[in-house]
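**Student:** Sharing a structure below in structure tokens format, with a few things to ask.
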Amino acid sequence: MNYQQQLANSAAIRAEIQRFESVHPNIYSIYELLERVEEPVLQNQIREHVIAIEDAFVNSQEWTLSRSVPELKVGIVGNLASGKSALVHRYLTGTYVQEESPEGGRFKKEIVVDGQSYLLLIRDEGGPPEAQFAMWVDAVIFVFSLEDEISFQTVYHYYSRMANYRNTSEIPLVLVGTQDAISSANPRVIDDARARKLSNDLKRCTYYETCATYGLNVERVFQDVAQKIVATRKKQQLSIGPCKSLPNSPSHSSVCSAQVSAVHISQTSNGGGSLSDYSSSVPSTPSTSQKELRIDVPPTANTPTPVRKQSKRRSNLFTSRKGSDPDKEKKGLESRADSIGSGRAIPIKQGMLLKRSGKSLNKEWKKKYVTLCDNGVLTYHPSLHDYMQNVHGKEIDLLRTTVKVPGKRPPRATSACAPISSPKTNGLSKDMSSLHISPNSGNVTSASGSQMASGISLVSFNSRPDGMHQRSYSVSSADQWSEATVIANSAISSDTGLGDSVCSSPSISSTTSPKLDPPPSPHANRKKHRRKKSTSNFKADGLSGTAEEQEENFEFIIVSLTGQTWHFEATTYEERDAWVQAIESQILASLQSCESSKNKSRLTSQSEAMALQSIRNMRGNSHCVDCETQNPNWASLNLGALMCIECSGIHRNLGTHLSRVRSLDLDDWPVELIKVMSSIGNELANSVWEESSQGRTKPSVDSTREEKERWIRAKYEQKLFLAPLPCTELSLGQHLLRATADEDLRTAILLLAHGSRDEVNETCGEGDGRTALHLACRKGNVVLAQLLIWYGVDVTARDAHGNTALAYARQASSQECIDVLLQYGCPDERFVLMATPNLSRRNNNRNNSSGRVPTII
């Protein structure tokens, strides 16, 4: 390394240390300012948020992720008109957002290349590439808009800037032309020949044309760039020769890639990226090549530019787990069953425990009210009062975790082998030939062939007393080390030694060394802000001398696959073991139900194709519901109508409360959604939404996007063309009950379009208590049940006898209604349905206008 390179590295290291050390003084200043807040409730709430921010900063990936977790660093550059922010947003969330982010952003996502999981770091640069950016990236994506000449020329400029800082032959490059802004008003100006020439000028890089509006080639771009990085690393590794550890090349050891059904990863904005947090909508086009983990990736403190936008675009991928805004949670999740609050799952175990904060340099403990539910989620709140009020709560999804007790073998674990530890593998044996994991079923067997009937085995590993590290303290020897419990549910096969590739996740490698008394914190003033647990049971030399002294801690640790740890402590030995056993049972139950939970009611490929064709064959579905474009391939679920791709983009912008958009070709279609679409169709939908168009001209195929958007907003948002309500003395809610009882779909759709949430939830009467959802489920009508749920009916409502709609669905033996109700959080209570009188009318004539209220007979 030459002298200039050494100076550059030294300067970069000093700058990073200065940045890192500047965070805590600012946080401590906030703690001091909090003392001036007179309102105690507000003060505590702000303090909890600051603590959470501090925890997230301290537990960033550089301190928590195992060295065996490989990273791929992708930089994205382009000017404000290039469409790069929409490209990134579509890849992360599956949705389209037109707004461009001037400051760029930092995002994380898991991506799978050749069966190997990688942490993909995406850096959306807010300006031209600088030296720090150029030296950081493993690959670069240059983005321009096909309708903007300036963005096209900017790529040449940015490429020249990159070449000044780094040899571009060292890194893969990808060129992307975006089609998002192309319209009749903005025609395409960059033809294919010019784009191909640019790709040749950029050292013959791969060229893609993408459309973030409907996802064309978006996944393919990122998958391709990831594969190029991996291939480049392998080529470099071969040219260097066999090497166990290469700087900045963490792909030398594999990670246990658990093939679990899709779980959410948090793409967090590191350093003020524009995706600041995520709501609850599910992406419409999920990737089959990427797995998403249900974990929050902590942000770092770098800021791309000093100028921040006042309003950040919010992604549709995530929901905050803090529970600090119950109204938003209720609105966003529609009272799902596993939420915390009224109607949530009943805890199978609960009580007060001590929890250690996530700080690595001190042992600070606080009392938490902890609950464990049978849905595989452990929650903790600062107090019982907060739990009852559903505020300040945090969740731990136990699906990808393990639980361990320092110095004690978990009671459910069985010894399968006695591996020889190594400092590089944190106590895991390199000779694992006695362990076999079948390639398909996920079963784990030991040398003796012991195997659980469920296909999941618990295997413990004893580690030898070699030198190991924990919490930055070095220990040379110890009498016994703790055993890590491994719960294997991935499709991995190995009949030979697995070496470093054996599940090198923190759930295995995180062993616990003897307790040490930490050195005094350099920030002593912080102790007055947070309660610190007594460490009087430790010896002066920092080591607990006997097993009895270790046992007095009554501590257990939950470790996630990504390295997050949660330390809890009970008051007695029995209480701790009870918690550990209950948590292990829920981990096992979550793994066993993992496969079955994703196997919802799905049609086979052939029957699904026939079902989708039946949707296209509905009257009016050969043309777009709003502009008459032929052969529409996009659907609005709650409207029951088909539309063209341009109108679907406008419908997305209306919001899911008005239109739930889904692709016929790209998305999954459960049975209940197919039935909704097969029951309505464009002709029926327009008979409701366009009956009173009053001679206004409907947009045509050649109409501009602006004309189509004006029509669509007037039609669905302002409801200017909506058919009038039927003439009747009944209230809208009572009329909806009658239409549901009669299974009159058109009338029900019309009433739902006119009605409010309160009217949709109107009941048959004080002595009855049934809502329209009860009546729909009693009839086994999944179409009406699904529509009512989308329009805001309370799925947890009970009739006068305490029966939910689920009880009526079970009585009607309607599995489709049962599945829909459970999906939206209806309490799963198997009570015997108490008889409730039928809802009928005294006059069977549907056109009866006597206005008689539905009668209970």
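Cβ from N, Cα, C; glycine included.
Swiss-Prot feature annotations, pasted as is:
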BINDING   78-85, 122-126, 178-181  GTP binding site
COMPBIAS  275-289  compositional bias 'Low complexity'
COMPBIAS  422-449  compositional bias 'Polar residues'
COMPBIAS  504-514  compositional bias 'Low complexity'
DOMAIN    67-241  domain 'GLD'
MOD_RES   M1  N-acetylmethionine
MOD_RES   S521  phosphoserine
MOD_RES   S605  phosphoserine
MOD_RES   S663  phosphoserine
MOD_RES   T836  phosphothreonine
REPEAT    801-830  repeat 'ANK 2'
ZN_FING   624-647  zinc finger
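Mind mapping these onto the model and telling me what they sit next to?
**Tutor:** Classification of K84 (GTP binding site) by DSSP places it within a helix.
A simple way to gauge crowding: the CB of S663 (phosphoserine) has 17 other CB atoms within 10 angstroms, across all the protein chains here.
DSSP labels the residues of the repeat 'ANK 2' (801-830) in these numbers: 16 helix, 0 strand, 14 coil.
Secondary structure of the zinc finger (624-647) per DSSP (helix as H, G, I; strand as E, B; remaining residues coil): 3 helix, 7 strand, 14 coil.
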**Student:** Going along the chain, which residues six or more apart from D180 (GTP binding site) have their CB under 8 A from its CB?
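**Tutor:** Looking at Cβ-Cβ distances below 8 Å from D180 (GTP binding site), excluding near sequence neighbours, one finds G83, A86, Y96, Q98, S145, C211, A212, T213.
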**Student:** Long-range same-chain neighbours of A81 (GTP binding site), Cβ under 8 Å, sequence gap at least 6?
**Tutor:** E100, S145, D148, I150, S151, A181
**Student:** Would you identify which of the binding-site residues G78, G126 has the most other C-beta atoms lying within 10 angstroms of its C-beta?
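**Tutor:** Output for this query is G78.
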**Student:** Check the DSSP secondary structure of G78 (GTP binding site), expressed as helix, strand or coil.
**Tutor:** coil
**Student:** Note down the number of other Cβ atoms within 10 Å of the Cβ of K84 (GTP binding site), including every protein chain shown.
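**Tutor:** A count of 27.
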**Student:** What are the sequence-distant neighbours of R123 (GTP binding site), meaning same chain, six or more residues apart, C-beta distance under 8 angstroms?
**Tutor:** K73, V74, G75, I76, G104, R106, F133, W136, V137
**Student:** Just the number: how many Å between the Cα atoms of S663 (phosphoserine) and K84 (GTP binding site)?
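**Tutor:** Here the two Cα atoms are 23 Å apart.
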